[in-house]
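Mind having a look at this structure? Questions to follow.
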Amino acid sequence: MAGLNSLEAVKRKIQALQQQADDAEDRAQGLQRELDGERERREKAEGDAAALNRRIQLVEEELDRAQERLATALQKLEEAEKAADESERGMKVIENRAMKDEEKMEIQEMQLKEAKHIAEEADRKYEEVARKLVILEGELERAEERAEVSELKSSDLEEELKNVTNNLKSLEAASEKYSEKEDKYEEEIKLLSDKLKEAETRAEFAERTVSKLEKTIDDLEEKLAQAKEENVGLHQTLDQTLNELNCI
């Protein structure tokens with residue numbers, strides 16, 4: 001009779017452990033569903049979500065290992081039910097393993113909460129980046145407008161240079177004694193043309209690199225400043241050339 005009571009007690013413990021294992025599996029499935037939802041949110045994040053992907057992957061791997069351990073525990077529980085008369089010590093071993101699984105499930109819950117927090121933080125950072133991008137796009141448009149103004153000024157200088165070239169050509173027929181001065185003027189015009197081509201090349205380079213937002217804006221502003229200095233130099237050179245022509 002005592003043996004039957006002991007067997008019944010062992011069976012009740014096995015059933016209790018079976019229920020604990022089922023509950024743990026239900027919780028793992030619930031965690032898996034929540035994790036799937038977090039994965040969908042994670043896929044929408046950009047840039048800063050790379051670190052989050054790794055941490056969620058670690059949580060998934062931990063959940064997979066927990067499910068494998070639960071399956072092993074269930075198998076051992078079935079074996080224990082068939083051999084319930086072996087020893088009470090074997091039951092204690094199973095109880096200890098179930099407790100360890102419970103502790104690991106609590107750790108997984110903490111990891112899941114942390115993953116949710118990281119996902120929310122990634123969403124916030126993405127919104128900040130989006131706002132910053134709007135601001136940079138506005139600055140980029142203004143920089144492009146300044147570049148267009150610089151190109152218009154370069155066109156005006158080119159027209160002035162053509163006029164000077166025409167004046168110099170008309171002076172070539174005046175007298176051979178001015179040939180040395182005319183050669184000097186032609187050399188100055190060539191230098192001015194080279195500077196103008198260099199300014200146009202820099203403007204084209206600025207347009208090709210405009211996609212690099214913040215760095216491009218800084219580069220454009222620097223090139224615009226250089227273009228202004230070159231334009232001032234060109235005006236000074238042209239004024240000097242015209243003055244020399246007037247003095248001939």
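Placement of Cβ uses the backbone N, Cα and C atoms for every residue, glycine included.
These came from Swiss-Prot, pasted as-is:
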| type | residues | note |
| --- | --- | --- |
| MOD_RES | A2 | N-acetylalanine |
| COILED | 2-248 | coiled coil |
| MOD_RES | S6 | phosphoserine |
| REGION | 18-49 | region 'Disordered' |
| COMPBIAS | 33-47 | compositional bias 'Basic and acidic residues' |
| MOD_RES | K177 | N6-acetyllysine |
| MOD_RES | K215 | N6-acetyllysine |
| MOD_RES | T216 | phosphothreonine |
Applying a 10 Å Cβ distance cut-off over all chains shown, what neighbour count does S6 (phosphoserine) have?
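Total other Cβ atoms inside 10 Å, all chains included: 13.
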Can you tell me the mean pLDDT for the coiled coil (2-248)?
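The answer is 65, the mean pLDDT of the model over that range.
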